[in-house]
């Protein structure tokens with residue numbers, strides 16, 4: 001069954017867009033995995049929010065996007081109404097889900113940041129406990145910060161994790177930034193990346209969705225003519 005020139009163009013455009021969606025799916029998986037590794041070290045600070053949930057969702061959605069995009073490529077090349085319609089349905093669900101995730105991240109990133117900052121202050125004040133001390137050291141090394149607001153929070157005996165250069169504490173040069181400020185910067189950046197990447201991928205998928213609907217309609221009309 002041959003489609004006319006315009007619909008054939010849509011078919012190949014849909015194929016190209018699905019390749020782009022596949023790459024977007026891989027990007028979601030990579031960004032979700034990187035943010036999961038970074039945020040996993042911070043979830044012990046606060047039990048109020050599961051801060052790794054958006055990263056896990058990104059990995060899941062990235063995997064689904066990749067699979068569905070492959071499905072869409074096959075539907076476009078084979079000119080299958082059933083496969084193209086099914087692809088369109090699942091793509092609608094994906095677009096809606098990714099927009100919801102982006103909105104939730106924008107709405108709750110401030111509350112999550114506040115909760116984690118309070119959690120870090122609590123852990124820092126109870127660093128006589130070795131578990132808390134190890135957690136503070138891990139955060140200071142990864143975020144390159146020292147103390148709550150500066151190394152002066154330790155007095156003159158700051159730990160080795162505060163050292164920004166070689167040497168042994170307290171004779172080394174400490175990180176200039178406090179961890180509360182660095183924690184806020186990191187979470188704001190991570191939230192923006194997760195949200196805007198989700199919206200960007202949803203925008204690409206929306207173009208593919210429109211093309212898929214046009215192609216499915218053309219295939220159905222063509223089938224009716226030959227039936």
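In case you wondered, yes, glycine gets a Cβ from its N, Cα and C as well.
If you look up TrEMBL, you'll see 145-179, 146-163 marked as disulfide bond. Annotation source TrEMBL lists transmembrane segment at 12-36, 56-77, 89-109, 193-219.
In this structure, the CA atom of residue 179 (disulfide bond) is 6 Å away from the CA atom of residue 146 (disulfide bond). Touching of the transmembrane segment (12-36) and the transmembrane segment (193-219) is concluded from the presence of at least three CB pairs under 8 A, sequence neighbours closer than 6 excluded. Around the Cβ of residue 145 (disulfide bond), the number of neighbouring Cβ atoms within 10 Å comes to 27. All protein chains considered, the CB of residue 146 (disulfide bond) has 27 other CB atoms within 10 Å. Taking every protein chain shown into account, 163, 179 are the disulfide-bonded residues, and of these the Cβ with the most other Cβ atoms within 10 Å belongs to 179. Between the C-alpha atoms of residue 145 (disulfide bond) and residue 163 (disulfide bond), the distance comes to 9 Å.
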